[in-house]
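Per TrEMBL, these features apply:
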DOMAIN    115-326  domain 'TLC'
REGION    330-366  region 'Disordered'
TRANSMEM  30-55  transmembrane segment
TRANSMEM  75-100  transmembrane segment
TRANSMEM  121-138  transmembrane segment
TRANSMEM  158-179  transmembrane segment
TRANSMEM  191-210  transmembrane segment
TRANSMEM  216-234  transmembrane segment
TRANSMEM  255-275  transmembrane segment
TRANSMEM  295-318  transmembrane segment
Amino acid sequence: MGTGIRKRPGTNKQVPYLSHEFIIQNHGDIATCVCMVFIVGLMFQTTSPLAISFIAPKHNVTELDQNPVLYTYGLRDLCLLFFYTVTAVIFHAIIQEYVLDKLMRKVRLSKTKANKFNESGQLLSFYALSCAWAVSIFKDEGYFQSLNFFWTGYPHVGLTFMAKFYFIIQMSYWIHVLPELYFQKVKREEMAPKITFAAINFVISALVYLLNFSRIGITLIFIDHVINVLFHFSRLMHFSGKNKIARTSFNIYNVLFVLARLSAIILSIFVFWFGLKSSSVDSINFEERNFNTPLVRTASLASILLLQTWMLWNFIMFQCKKIRENSKTSLSKTTIKPVQSKKVKTPREGSDVEGETSDSEKVKAQ
């Protein structure tokens, strides 16, 4: 991002147009130009219908003059995914250049730690926005007034503007991770875990959106993202050298992580095993978009339980490994002081002999 065409660092030569280096250095500006094409298209009558398909949601199930307007999903959502994926690339570049790069100048980090710092900074921004967005939905739509809110009225075909856009932004963000691997020059051996992580999150958001499990889906995503906000904040504090804040934050994270996973498991069991069972159907009704069959419910619940259990298992294994490493470190730092033999003193110095005995016992205790 920024004004003018960037030049190769350390030289006065301009980067060749349309080269890989040119695209990488100016990808934020290129993405901005792509978005501006659609925004300018809104100003002309002939191109406005096409341009608005990429910017505003379609497939409304209620009239536009009703309040609130409810939307469902359809093929035109692919246009939204394209536009907001490009938008995610722009915001990624803005956060990197105007926030993270400025913070990086204040701390000296190795290349590996710098990459982790940037990764946590980007994810913290997204997770914080996602949590704030979810809280707004909870407030406007009356979540948590009763437990049966999560399954009453299923299928939840109609989504409010904020709820529909929530899922569009979720999916767009995880799609944008793929081009960012190229823009950030990520090594091949480091791509696999990043792609896997983004793919899992994208599939979860897409399935929740398509199967009309939006209420329980937004809640479970919110629980996960709150924990991730705390984790990446702790990481940033650690890399910034604020170890006291980082230790406190990590300790809080360790407790809340377990509580969050258990909460997600319990809530999922209540909704999928007990709540939705009361309105179960024998087969999928594609016209009504009703996927509340025993097979879909069981598969959904099993997937959630496996994912939560897998994360809990990895967390426990990591904590056990950390405890073992800390115990080995503390043992290596502990040294036994040798007891020096001293000259036996005369009986009149008995009090001193007792003092020596007590000192030797302390050394042995150590």
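Every residue gets a Cβ built from N, Cα and C, even glycine.
Proximity of the transmembrane segment (75-100) to the transmembrane segment (158-179) is established through 3 or more Cβ-Cβ distances under 8 Å for residue pairs spaced 6 or more apart.
Between the transmembrane segment (216-234) and the listed ranges 30-55, 121-138, 191-210, 255-275, 295-318, the one holding the most Cβ pairs under 8 Å is 121-138. The stretch in closest packing with the transmembrane segment (158-179), judged by the count of Cβ pairs under 8 Å and taken from 30-55, 121-138, 191-210, 295-318, is 191-210.
Across the domain 'TLC' (115-326), the model assigns an average pLDDT of 96. Comparing 30-55, 121-138, 295-318 for CB pairs under 8 angstroms to the transmembrane segment (255-275), the maximum falls on 295-318. Among residues of the same chain six or more beyond the transmembrane segment (295-318), those with a C-beta under 8 A of the stretch's C-beta atoms are 207, 211, 213, 220, 257-258, 261, 264-265, 268-269, 272-273, 276-277, 280, 284.
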